[in-house]
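K.L.:
Before anything else, here's the structure in question.
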Amino acid sequence: MKFPSLLSLGVAASTTIVAAVPDQKPIGDIIEDVHLGKFLIELGPGDTRWVTEEEKWGLRRDGRRFFDITAEAGQGVFPKTFAQTTVTFPTELQNVAHVKKLASSLSKNRLQTFLTKFTSFYTRYYKSESGRQSAIWLFEQIEKTIQESSATEARVEKFEHPWGQFSIIATIPGQTNKTVVVGAHQDSINLLMPSILPAPGADDDGSGTATILEALRVLLKSEAVTQGKAPNTVEFHWYSAEEAGLLGSQAVFAQYKQDNRDVKSMLQQDMTGYSKGTTNAGHADSVGIITDFVDEGLTNFIKKVVTGYCGISYVLTKCGYACSDHASASRYGYPSAFVIESKFEYSSKLIHSTRDEVSSLDFDHMLQHAKMTLGLVYELAFADL
């Protein structure tokens, strides 16, 4: 039996959503399933099943996305459901001149230099040693970016997980604890043999990782931001283990909900670098704004941001249930949105393989995502949310 989803299609920010809890297994049976190496996944609202790890990867190879909610099952009640936070987003851009001046400092060369190194790790698979080493290197780059700015109160922290690769959170404090979040996932995967084969992950999601880091670097050039004059706090997140069922982002937002964090928005940047699918199909270059399982108010404001700050337009597209880390934010009641490189059917088909390399990317296109990210973060940092 299926029940209404926590992430109802096209939900408005003002809508309160309640999802029913499916039939529960006895806790002893759950412990036994975990002991046998099984994982509880949620493929859609109310659609849960226990699977082996190989079955998880088989579903991913078939294009299915899901939450891995095994940790919730271990607590005896799943899935957890939360009412959506109500947020009124701006109706117009308020900082165009300042944002455009900042955006002129965004660098394609920096994006390419970063990705050349980031994709040189054998794999960024979340349980691998090279996946942990890539996270350490990424943390150092973020730390250096903050140190080279005048933001004395900004900080970067590791969010540890039971597996090897940690998530990373960079924070720029504002005048309140109201928080604007931008995220990407740092892990990669080769779905043929995840723990053995290389996975450069240039587009998925090295591109998003680089995009938001470059946006952070340029945002820190704003004295108003670095001096803590923005009304709202800004965070940049790099999640671990997205490919395994949004594990890292679920852990982060579960902790935020437990701590009563006041997250006003979350934008995910996952796959920001591939444009050939669009242009080879005879269409003008554009970014893809996801419209399913997202916050309607935030998504509508992002349309204005793209129009105001990017040199290309947008198309509306869908990606399905639990298709990236923004879904974890929504799962815990926080307004979220997702912008991808193109209409979903034109996105890169090279991902999850050895062929997802830097040579396939369009850095001019990535720069447009960086402009959008910078514009959104700056506008919302200074908005009355």
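Keep in mind that glycine also has a Cβ here, set from the backbone N, Cα and C atoms.
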K.L.:
Asp203, Asp204, Asp285, Asp384: which one does Swiss-Prot list with Glu243, His352 for the Zn(2+) 2 site?
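P.N.:
That Zn(2+) 2 site, as Swiss-Prot gives it, pairs Glu243, His352 with Asp204.
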K.L.:
Check Swiss-Prot: it lists Asp204, Asp270 as binding Zn(2+) 1. Then name which of His185, His283 it lists for that same site.
P.N.:
His185
K.L.:
For a quick check of packing: other C-beta atoms within 10 Å of the C-beta of Asn177 (N-linked glycosylation site), how many?
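P.N.:
Other Cβ atoms within 10 Å of Asn177 (N-linked glycosylation site): 12.
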K.L.:
May I have the list of same-chain residues other than His185, Asp204, Asp270 whose Cβ is within 8 Å of the Cβ centroid of the recorded Zn(2+) 1 site, in sequence order?
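P.N.:
My list of surrounding residues reads Ala184, Asp187, Gly201, Asp205, Ser207, Gly208, Thr209, Glu242, Glu243, Met271, Ser324, Asp325.
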K.L.:
For Cys319 (disulfide bond) and Asp270 (Zn(2+) 1 binding site), what Cα-Cα distance in Å is obtained after rounding to a whole number?
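P.N.:
Roughly 12 Å, rounded to the nearest whole number.
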K.L.:
Using Asp204 (Zn(2+) 1 binding site) as the reference point, find which of the recorded positions Asn177, Glu243, Cys323, His352 has the shortest Cα-to-Cα distance to it.
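P.N.:
If we rank Asn177, Glu243, Cys323, His352 by Cα distance to Asp204 (Zn(2+) 1 binding site), first place goes to His352.
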K.L.:
DSSP secondary structure for Asp204 (Zn(2+) 1 binding site), reduced to helix/strand/coil, please.
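P.N.:
Asp204 (Zn(2+) 1 binding site) sits in a helix per DSSP.
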K.L.:
Return the count of C-beta atoms lying within 10 angstroms of the C-beta of Cys323 (disulfide bond), excluding that atom itself.
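P.N.:
Here the count is 20.
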